Structures are given as C-alpha cells and as structure tokens.
Amino acid sequence: MTPTPDAQAARELIRQAVSIPSLSGEEQAIAAFLRDWMARRGFDAQVDEAGNAVGVRGSGPLTVALLGHMDTVPGDIPVRVDEAGVLHGRGSVDAKGSLCTFIAAVSALPPEALSAARFVCIGATEEEAPSSKGARYAMRQHRPDFVLIGEPSGWAGLTLGYKGRLVAKVRVEKDNFHTAGDGTSAADDLTLGWQRVREWAAGFAPADSGGGGIFDRVQVTLQDLGSSGDGLTQRAWATIGLRLPPALAPYQAEEAIEQAFAGLGADLTFTGHESAVRHPKDNALTRALRVAIREQGGTPTFKVKTGTSDMNVVAELWPVPTLAYGPGDSALDHTPEERLDLAEYDRAVAVLTSALTRLVGG
C-alpha cells in the first residue's frame, strides 16, 4: 500500500534524521535539521541552550511533553531502505524512530487538539551519555501535565518503568610481597569484595516483591577488571555496574558495596545515581494510548525495562502520568543489525496522533 502524503513526509523525516550522524556530544547537525523541519510545519522551533531541538505546537491550557533523544551510540551502519520497506541505520530504533514518531504525530494533530493543549517535542542531547544533559536541562524549563518518553516499545507496547543505575569504580593497592609468603594480593582482595557483592545481589529480596521477576532484583556485572604491579606496589581495579529495582535507592546500594569491600583497603567512587521508576498503568495517558492501539488492530502490552532512560532522570521534577512509547524492537538497540520496519513506524505515528487528540479531549 502506497503511504499517504503525510505518511510519506513522516518517512522522509526519519530517513533523513537517521542519515545524519549524531554521536553523544555531536548533535548540532541533527538538532538544526529537526528545528528547521518543525519550523516549516508550524512549530515554534528552536535549539535551546543545552543543544536540544525543541518544537511547540498548540495554545491550550494543558501541556504535553514528548521527550526523545537525538544522540546515538557509535557504529556506522549504512543507511538504506530495503525491498521490504525496512530502514537500516544507527538510531533507527534507539531512538530517532521514537523521536520522529513524536514530531510527525504532533505535526498531524487537528485544530481542536491544538486549541486544547501545548505539545512540546524535545529532541534531547546526550541521553546515551551518563550526563543526560538535554533531559536535565529540559526538565527545569517545562512543567507538563503529561509526559511521553521516546524509547522503543513496539508500536503496541507501553513502557511504564525502568530500573535504576549505579556504577562503582574500585581500586585496591598494596605493597608487593613474595607469593611464597602468607598473604593476599591486591587482585585477591578485589575478587573477594566482588564475590561479596554478588552474594548480596543474589540475596536481595524486598518483602513486598513476592519473589518478583528480574525488574525487582539487583543485577550486577563486571564492566572492567584488571591488575598490574611494578615490583613495589600491586594494583587491582574494577568497574561494577548495578541495575537497581524500585525497592533499592542508589545510596542504599552504595552502602552495600562499601560493606562488601570493608577491610580490604579498597578505594571506591560512585557515579550514575539513578533511581528506578515505575508509573501507574491506569490514567488518562495510558487509557488514550490503549484505545488508539486497539483502533489500529493491536493489543496493548504494558512493559517494564531493565535498562535506564530519561524517564528516570525527569521523574522527580515531573511527577505526572508518564510512559515511554516508540516503534521498534529494543533488542536491536546498539547492535549492527539496528533497523526499523517503516510500516510499524507509520502505525506508531497513527496511534500517537489519535491518542494525543483523545488525551486532550480534542
């Protein structure tokens, strides 16, 4: 089936967006492109002080924030649309597909929706970096009544929450000694601490989790590990990544890591303090999306994700109905096979256009 002119314009938007390289910290070209695309279609568009591409349509009393991100991880995937109508390219799924869905849907809203609300599309910078620079700036500039986060959920999926995050950098140094003697090496001590961390994580079970799935458990991984010596001093180091459930705050995880390495002479530093978030599934926003998905022949599916997104970043300052939405399979994020079926993208745009209109009573 040949796409309508509006759908064809939406497809051209995502194809061009994916064609523009935009690593974290290098989003200037994509920001200018999105600003100009939105300005030509009636948005009040600008690139803000954080480098975000921001476009606003509508003049009503409600405010709906649609927060996506423009940056991608590294990886040069030749951009092409294959014979099956699938767009290949870095960012097609994570997460230019979602951001372009937001922009295309808002550009298609009817006058009655635009008189009921302001729709603020934000293409944020540095979501793929620990800074989340764009989201942290945007959350202090806007006070929305509803929030959509642009991350792939599949066109019929609605993501309610993401796990929290903490990164621990561990370093152990001690004087060198003869291995025939009685003692432990720096690597021994670091390994013992790591074993204690794993035991703590495996045993973590909040009373109200009912045994829960992976979303309610602590996940720990070694992201970096090494040791060295110069004949005088032994050194061992590691980076430990933690994914945190809603029942565990980052400061509580810090305390557990410190206890695990107690008495081992370890130097610990922590970064990436993000609390887990899980939003309710029955509110005006989720109801509007569920109805719109059914209109397109789908069955709405609620999800929670073990990763972390800008939903975690904005949750404290934006305590309003929130969910993440966008086309594509998140299993393809950051992979050499990243690709998005444009028919699914079309459907997501249609779903969101209908849902936003219903949400604001248009």
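Each residue, glycine too, has its Cβ placed from N, Cα and C.
Record features, source Swiss-Prot:
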type	residues	note
BINDING	His69, Asp94, Glu151	Zn(2+) 1 binding site
ACT_SITE	Asp71	active site
BINDING	Asp94, Glu128, His334	Zn(2+) 2 binding site
ACT_SITE	Glu127	active site, proton acceptor
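Counted over every protein chain shown, other Cβ atoms within 10 Å are most numerous around His69 among the binding-site residues His69, His334. Rounded to a whole value, the Cα-Cα separation of Glu128 (Zn(2+) 2 binding site) and Asp94 (Zn(2+) 1 binding site) is 9 Å. Apart from Asp94, Glu128, His334, the Zn(2+) 2 site neighbourhood in this chain, defined by C-beta within 8 angstroms of the site C-beta centre, holds Thr72, Val73, Gly91, Ala95, Asp333. Just so you know, of the binding-site residues Asp94, Glu128, the Cβ with the fewest other Cβ atoms around it within 10 Å is the one at Glu128. Among the binding-site residues listed here, namely His69, Asp94, Glu151, Asp94 has its C-alpha nearest to that of His334 (Zn(2+) 2 binding site). Between the alpha carbons (Cα) of Asp94 (Zn(2+) 1 binding site) and Asp71 (active site) lies a span of roughly 9 Å. Cβ atoms within 8 Å of the centroid of the Cβ atoms of His69, Asp94, Glu151 (the Zn(2+) 1 site) belong to the same-chain residues Gly68, Ala95, Ser98, Leu99, Glu127, Glu128, Gly150, Pro152, Ser309, Gly326, Asp333, site residues excluded. When the alpha carbons of Glu151 (Zn(2+) 1 binding site) and the residue listed as 'active site, proton acceptor' are compared, the span between them is 11 angstrom.
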